[in-house]
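Record features (TrEMBL):
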- G11, L12, A13, V14, M15, G16, N34, R35, T36, V78, K79, A80, N106: NADP(+) binding site (BINDING)
- 183-477: domain '6-phosphogluconate dehydrogenase C-terminal' (DOMAIN)
- K187: active site, proton acceptor (ACT_SITE)
- E194: active site, proton donor (ACT_SITE)
Amino acid sequence: MAPPTRIGLAGLAVMGQNLALNIAEKGFPISVYNRTTSKVDETVERAKREGNLPVFGFHDPEAFVNSIQKPRVIIMLVKAGAPVDQTIKTLTTYLEKGDCIIDGGNEWYENTERREKAMAELGLLYLGMGVSGGEEGARHGPSLMPGGSFEAYKYIEDILLKVAAQVRDSGPCVTYIGKGGSGNFVKMIHNGIEYGDMQLIAEAYDVLKSVGKLTNEELQGVFAEWNKGELLSFLIEITADIFGVKDDKGDGHLVDKVLDKTGMKGTGKWTVQQAAELSVAAPTIESSLDARFLSGLKDERVEAAKVFKAGGFGDILTDQQVDKVKLIHDVRQALYASKICSYAQGMNLIRAKSIEKGWGLKLGELARIWKGGCIIRAIFLDRIKEAYDRNADLANLLVDPEFAKEIIERQSAWRRVVCLAINSGISTPGMSASLAYFDTYRRARLPANLVQAQRDYFGAHTYERTDVEGAFHTEWFKIAKQSKY
């Protein structure tokens, strides 16, 4: 009989397999289980191949649970929703009081809170843990966002600290996030920020390619260069890589043959729904979701292009000569300024939810654990952490003195890029939404006074005044009618 393993993992798709191998490689013997047993054998085979790692496979859930040392800890990496409930049902048949289940999937945070309560009634501990970094991250060091039972977190803190991505100056990319579904919520907003980031990069590409006429070779050089400075990040790095890949099925570059329809799993949609629920403006993230919806209408867009081409609209409306060097400089500035807005919106969402739920989340600490392992990892997160270190109650990243200075330096270039795109008939919804967000936020007075007057006119919703306390209602219709005669 083999000695009990330190931890178990159920669900051996790509993420599950890679995380299991990562845990084993860090010196923690692990039991693995999957409903489709071929996946179990495949994982054990990989473990042998990748250095005789201590991974033990089980085809039977009871034997799997019994192979783990008590109190048992089992990570699930299965699809969100019903499959999670099904897996929990299978495991709890054999678990005992004090054992712990961790959901490492992209789950809706309220489901985690429901399950945590249900598990507590059975005497079991429960964590919802966001895992970011894709398959590479899972294998070599992800960013981990565990929330729920603090006692459960303490059980496996030693494992998570070693398995997480390690950043030289700031430590492992894991921290106990907070109570309830906070871990899942933070991961969801991380994904929303990721949607915004990817959209902004795609717009930068579109302007450089469509207006600046940059070739893929030039684009690769530009993005590689950007990745050495303030834009240094995982997404900029992989973008440079993508432009360098030749098509293996024909001439040219592969990127040009990829169909322009974006898929999605749902976390971006949840982020936008939460923004509406919390009354927090997140226009950059919202525009990236809309861009994905519109990209899905490929057939309609092809037909629309024909309709408008007949009216003299090509893909590009201007054939002006542009100074490539200046354009590249401007787009770089616009991308960075827009990106600040996307992260600011994500952080505001997290803060609003934390206040609503009493989670007490530390925004600077979140920026720290996103510095390595995850998809939005970027040098720029250092700066966000410093901003919250300077002022934990910062109302918005835009008004941090350092970020405010950077936006002021970049705003002319940002406006030039958005104007150029508009005049060229190229949509830059993310950059435009970011700019509108900045321009709205920095104005002491907005035209909302007119909207409020309209609401009072047709619905007697009342209004406040700038000069006198209290709520007021005016008979706008009667006064207007009298003045007409």
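Any Cβ shown, glycine's included, is placed from N, Cα and C.
Keep in mind the model is a prediction, meaning the values are calculated, not measured.
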Listed in sequence order, residues with CB under 8 A of G11 (NADP(+) binding site) and six or more positions away: N34, M76, L77, V78, T87, G105
Shortest C-alpha distance to K187 (active site, proton acceptor) - which of the recorded positions A13, M15, E194: E194
For the residue listed as 'active site, proton donor', the one of A13, M15, K79, N106 that lies nearest, given that the binding-site residues are compared by Cα: N106
Those recorded positions listed as K79, K187, and which of them has the most Cβ atoms within 10 Å of its own Cβ: K187
Average pLDDT across the domain '6-phosphogluconate dehydrogenase C-terminal' (183-477), rounded to a whole number: 94
Candidates N34, T36, N106: member of the binding-site residues with the richest Cβ shell (10 Å): N34
Among G11, L12, A13, V14, M15, G16, N34, R35, T36, V78, K79, A80, N106, the record's NADP(+) binders - longest CA distance, Å: 21
Sparsest-packed among the binding-site residues, when each Cβ's other Cβ atoms within 10 Å are tallied, from A13, M15: A13
